[in-house]
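Working notes for the structure below.
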Amino acid sequence: MINPFSKLGISDDVVNAVKELGFENPTPIQEQAIPVLLEGSNDFVGLAQTGTGKTAAFGLPLLELIDFKSNKPQALILCPTRELCLQIANDIRNFSKNKPNASVVAVYGGANIMQQLREIRNGVQVVVATPGRMLDIIGRKAIDFSNVKYVVLDEADEMLNMGFQEDINDILSTTPDEKKTWLFSATMPPEVRRIAKNYMENPTELTMGTKNTGNVNIEHEYYVVRARDKYAALKRIVDYNPDIFGVVFCKTKMDTQDVAEHLIKDGYNADALHGDLSQQQRDKVMKRFRERSMQLLIATDVAARGIDVNDVTHVINFALPDEIESYTHRSGRTARAGKTGTSICIINSKELGKIRQIEKIIGKKFTKADLPTGFDVCEKQLFGLIHRVHNVEVNEEQIGQYMSRINDEFADLSKEEIIKKFASLEFNRFLEYYQNAPDLNISADERERGERGDRRERGERGERGGRGAEAGYSRLFINVGSVDDFTRGDLLSFVCNHGRISGKSVGKIDLKGVFSFVEVESASAETLMANFKDVQYNGREVRIEVSGDAPRSSRGGDRGGRGGFGGERRGGYGGERRSGGYGGDRRSGERSGSGRRDRGERSGGGNSEGGFRDFSGRSREERSGGRREGGSDRRRRS
Ligand code: AMP
């Protein structure tokens with residue numbers, strides 16, 4: 001019996017290789033695409049979802065069309081992420097294992113470029129690449145694409161979502177005009193259509209499954225708040241979603257730093273990703289995010305290109321993009337790999353028009369959502385805690401040795417009292433923070449009044465200016481930090497040497513991840529700023545500038561560091577970690593809760609007050625108690 005792949009025109013050596021992989025029959029897309037692509041004379045557009053056997057659909061014909069006697073790149077496959085890049089390269093190596101001299105190289109960011117350059121120099125017929133790194137290598141004139149006959153754009157919609165349009169243009173311009181382009185995409189939004197139109201001539205089109213114009217798994221929501229309440233709104237959204245794993249988009253580098261800094265100070269586990277970071281810094285930030293030891297990534301559009309992290313639950317547009325087309329790129333960071341996700345815009349009422357424009361572009365309606373009240377947040381957090389306590393894995397061996405002492409401590413309390421106390425331990429902190437929390441929502445017709453400001457209502461979150469420098473000192477921002485392996489001492493010498501000031505004039509040094517703050521006596525600060533010119537560190541320009549003000553709404557009103565998200569982690573019950581305010585059970589390893597205890601007063605227990613008093617009474621879930629994960633301490637800022 002003739003092998004079905006042979007029937008499609010695939011040669012024996014490749015058929016034998018796919019047989020070994022367990023491919024007995026071609027998938028529908030392979031059945032349709034292989035004969036067309038084998039002709040090698042047409043451009044091609046294939047609409048197919050991931051998992052349909054796309055890689056073999058283009059990979060097998062490619063192997064028939066390539067001249068393996070030559071060691072020049074003849075096929076270039078561009079794809080959006082390093083994971084896909086590695087997977088495709090691996091698949092094609094497997095398909096071509098019986099072809100002597102076949103060489104496939106995977107070119108992707110975040111890995112050693114020298115190794116990739118070496119592999120290219122050694123001779124390669126098939127290059128599988130992510131756009132950014134490919135462009136880098138082209139820029140180094142380290143690859144010759146003059147013999148490229150086939151370019152495959154895999155997951156084209158995703159590449160465009162990630163903002164690779166220009167990179168793709170640049171890469172394609174280095175390949176011969178006569179090449180054939182094969183485009184695969186799960187969806188066919190207008191941007192992908194445009195690529196097909198611009199780069200292809202009468203492409204053969206195949207559709208497997210249904211067409212759609214955007215990611216159907218993304219819910220789009222917007223919240224209308226006063227401009228000055230944006231930061232408070234962001235925090236409330238995060239607090240209401242304790243398991244959030246999100247990307248927050250800002251417009252400028254300074255904004256990303258500002259928002260990240262405030263979130264860190266407020267105890268959330270966040271960091272900034274922007275264009276001023278070196279590749280190494282960027283990799284470190286991304287590694288933390290990918291490993292989920294960071295919960296919120298604050299990014300600019302440019303920096304967020306190519307973020308290929310699955311399971312992002314939320315994209316938050318802290319500021320809408322200037323170019324509304326970028327919204328698709330942003331929202332595409334969530335709902336990847338068949339998951340669902342939410343894209344949120346925090347806007348002021350003047351920006352409603354932009355929402356309508358975006359709706360047109362994405363072909364989907366936004367839901368106007370109301371920010372949860374303080375009461376809602378507390379309830380959500382309370383039951384988050386209750387579920388976590390219920391589900392926490394008990395380390396019998398370790399806890400066993402303490403049980404009799406623990407029981408002694410609780411001897412005078414009933415089960416109900418113990419449960420109530422465990423729940424209150426964390427819950428009270430949110431109550432304290434959120435009691436009297438104002439309604440941050442603003443309706444469209446409230447705009448006039450709202451913009452003038454009903455300041456009374458926000459009285460308690462007013463001008464408590466949380467983080468100014470000490471009197472007589474200026475607070476300076478510098479774009480290096482602990483990810484550059486600086487200690488406070490290193491930073492002190494670095495600043496003093498380059499700024500030519502005495503160490504005595506330097507006050508507090510606040511070492512962050514990718515940036516830091518240094519307080520310097522105001523007179524010396526001027527000298528420092530004047531001298532600090534053209535300073536480089538690890539080949540990167542180091543900037544120092546007077547620290548911007550906090551986003552207004554973030555001042556005051558914060559409820560102190562959230563131990564759980566705490567940027568600076570402490571041992572606590574080593575190994576356990578928390579995510580949201582009440583701790584989480586989903587983040588990676590080493591995190592523990594009680595961040596930032598050193599920085600302020602500890603918030604005591606105490607009973608809930610005011611409007612939230614009835615809460616504990618409503619906690620009907622009388623589940624067995626457990627110990628608090630992570631030992632969180634929330635810092636109260638006066
Ligand atoms: P892809 O859409 O190329 O990522 O392929 C999805 C999965 O299907 C991969 O694990 C492939 O190895 C597998 N696959 C592709 N083609 C076939 C086939 N004809 N028979 C069995 N498995 C296949």
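Think of each number as a place in line: the chain as shown, counted from 1.
For all residues, glycine too, the Cβ spot is worked out from N, Cα and C.
TrEMBL: automatically predicted annotations, no manual curation.
Here's what TrEMBL has on this protein:
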- 3-31: domain 'DEAD-box RNA helicase Q' (DOMAIN)
- 3-31: motif 'Q motif' (MOTIF)
- 217-379: domain 'Helicase C-terminal' (DOMAIN)
- 444-467: region 'Disordered' (REGION)
- 544-638: region 'Disordered' (REGION)
- 555-602: compositional bias 'Basic and acidic residues' (COMPBIAS)
- 611-638: compositional bias 'Basic and acidic residues' (COMPBIAS)
For the motif 'Q motif' (3-31), what are the same-chain contacts with Cβ under 8 Å, counting residues 6+ beyond its ends?
38, 46, 48, 52-54, 56-57, 60-61, 63-64, 94-99, 206, 208
For the domain 'DEAD-box RNA helicase Q' (3-31), jot down how many residues DSSP puts in helix, in strand and in coil.
17 helix, 0 strand, 12 coil
As a test of reading the model: what is the averaged pLDDT for the motif 'Q motif' (3-31)?
94
